[in-house]
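Chemist: There's a structure below that I have some questions on.
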Amino acid sequence: MASNQECLLENGTSSEEEVHHGRTARQLSASALRKKSDPTLPNSVQNGHLREWLVNLQVVLLGTKLSVLLPTIPLSIFAVYYGFGKPWIFTLSLLGLTLLAERISFLTEQISYYIGPTVGGLLNATFGNATELIIAISALSQRKVALLKYSLLGSVLSNLLLVLGTSLFCGGLANLRREQKFERRQANVNSLLLLLGTFCHTLPMLLQYAGDSAAQKDQTLQFSRAISILMLLSYIAFMFFQLWTHRGFFELQQVSEVDGDEDVEEEVAEIGFWSGFAWLFAVTAITALLSEYVVGTIEDASKSWGLSFSFLSLILVPILGNAAEHAGSIIFAFKNKLDISLGVSLGSATQVAMFVVPCCVVVAWIMGINMDLNFGLIETVSLALAVITTAFALQDGTSHYVKGLVLIFCYFVIGICFFVFETPVDQTAST
């Protein structure tokens, strides 16, 4: 592992200067699955530049417990070029994305050490759901709007019900003798943003039941584009609220808890500033490639496995896409650190609903693709019920395992619904 002094020198910073870094809940959650790699072999290399490159390579590729999934990345590329079955390509690519999503989180955290907590927070906000955004852009490029909508909706539902529910359930069981508490103000702000997002999805859906049906589709499209811009503005306001005016809502308690944990070591950068950017670019490019494979093969996988397309894209893809971050959230819930767990689940759901979804509408608009915010009746109702149920569960600032169990059961109900409800594959290609 590279020393902190070497990393600072690469950035042109004096070794005596300290790098202060305020880690977000999502970064802390992802770090739960990381591990230290042994630098003995790279350090034996005499050439300084080669040694630094080998150390960075080892940190990026082997610095996580998910490194066991590393072979799936070259195997997925190999499977494409040698004509393997598309279900195999889909499976290998999806497992590879699980590892890459965690590595993107790691690299954005490394860069944040050098650019400060505020700019680092903006960087984390941009790349926090990079996997979903890349898959969404890939789906747009192939004009598979239905797949795009299902994957984004599935990401919000899995964060609100499955991840948060499992965290509350496991945390409640691990702390039966004491009441778990969390920062209610953080949950309230995220819940308000999610309710706004639900509002912006419900009205376009209801437009299909009002007015002339011939003009309804164009009206819904224009309305969706207008409110998508408002959603993006509201998310920018939320970022200003989170990173500047009310930072304490999102950082103070989690930092104090983590600082008091004996298992948490002093925070130091593991790779250099420019190396971090180079690796982030490379990992993002590989993520884009595997996303193309996932989008291009999900329909064939659905037919081969006998699973409905809606179930596969709404349930399976979102769960594996952010498995590392989700596992970290559950681990911190076991440690009675619910603020971190809530920061992961609610933060991810808010970012997808209020940033990624409207971004996709705007990008589709630029690309000449008609994408609106009407996700369908069952889909919109599922979103609304999930947001309302979660808001009720978090309103008193305390938690126990029954709340988590209810959220998990709600997710199972939605999963069974879309397991039974089959979407025709030809609906995935939309112009």
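Glycine is treated like the rest: Cβ placed from N, Cα and C.
For 1-14, the entry in TrEMBL reads compositional bias 'Polar residues'. Residues or ranges marked as domain 'Sodium/calcium exchanger membrane region' in TrEMBL: 87-244, 276-414. Per TrEMBL, the feature region 'Disordered' maps to 1-22. Per TrEMBL, the feature transmembrane segment maps to 59-82, 88-107, 119-140, 152-176, 223-244, 271-291, 311-334, 346-367, 373-394, 401-421.
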Chemist: Does the transmembrane segment (59-82) reach the transmembrane segment (401-421) with at least 3 CB pairs under 8 A, where each pair is 6 or more residues apart?
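Modeler: Stretch pair does not touch.
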Chemist: Look at every Cβ pair spanning the transmembrane segment (223-244) and the transmembrane segment (311-334), keep those 6 or more apart in sequence, and say whether at least 3 of them are under 8 Å.
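Modeler: Between the transmembrane segment (223-244) and the transmembrane segment (311-334), contact is absent.
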Chemist: Taking 271-291, 311-334, 373-394, 401-421 as candidates, which has the most Cβ pairs under 8 Å with the transmembrane segment (152-176)?
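Modeler: It is 401-421 that shares the most Cβ pairs under 8 Å with the transmembrane segment (152-176).
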